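Novice: Please read through the structure below; I'll follow up with questions.
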């Protein structure tokens, strides 16, 4: 199977120029599904820390590139929304955040913020033993005690080292959200109204912003965040 993908066919979330070359690297198996961006693209095209695959592999073999607290050696490992990237040798830390047009962008954060990551709950399932399994937006799962306060659509912050929930943001009117897809990707505002749609169609969400502006999008495209997640300057 080819390790390359045509640039014109890559997802909109990939931060690559589509007309500069015919092919780009293909994402390997891992979290985030089709929207995951290969780590090589982040190192080469976004940060400029490597000129090619060979240089990226050399850097990764030094074990000082971490994603969500774990050292990564695979340059094709997918990187996606709200992942935490740490470059320990450089003492640089980033959170992956939606940028304009839905392209993934890196927001600089401080070392303390890099100790945990945000996850949107997309599924909630009762498992044997009376516990609950939460499925997150990136495909990861988390077992928690049976707690009725967690619902699909909520967001949680999970510690990278111990996997414990350190914060919980409910999806409700008044919540601070960001759009991660669609025409308003990267925009931030407060949920003004959740319009419940009968049947299998998605609910609509009206989001208000400063100075009377706002936007409307589908529920799937919004993620509840804390104000610290819009940008953490060191």
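Including glycine, each Cβ sits where the backbone N, Cα and C put it.
The feature domain 'S4 RNA-binding' is assigned by Swiss-Prot to 37-99.
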Novice: Mean pLDDT for the domain 'S4 RNA-binding' (37-99), as a whole number?
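Specialist: The predicted confidence over the domain 'S4 RNA-binding' (37-99), as a mean pLDDT, is 91.
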Novice: Sort the residues of the domain 'S4 RNA-binding' (37-99) into helix, strand and coil with DSSP and give the three counts.
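Specialist: Output for the domain 'S4 RNA-binding' (37-99) reads 16 helix, 20 strand, 27 coil.
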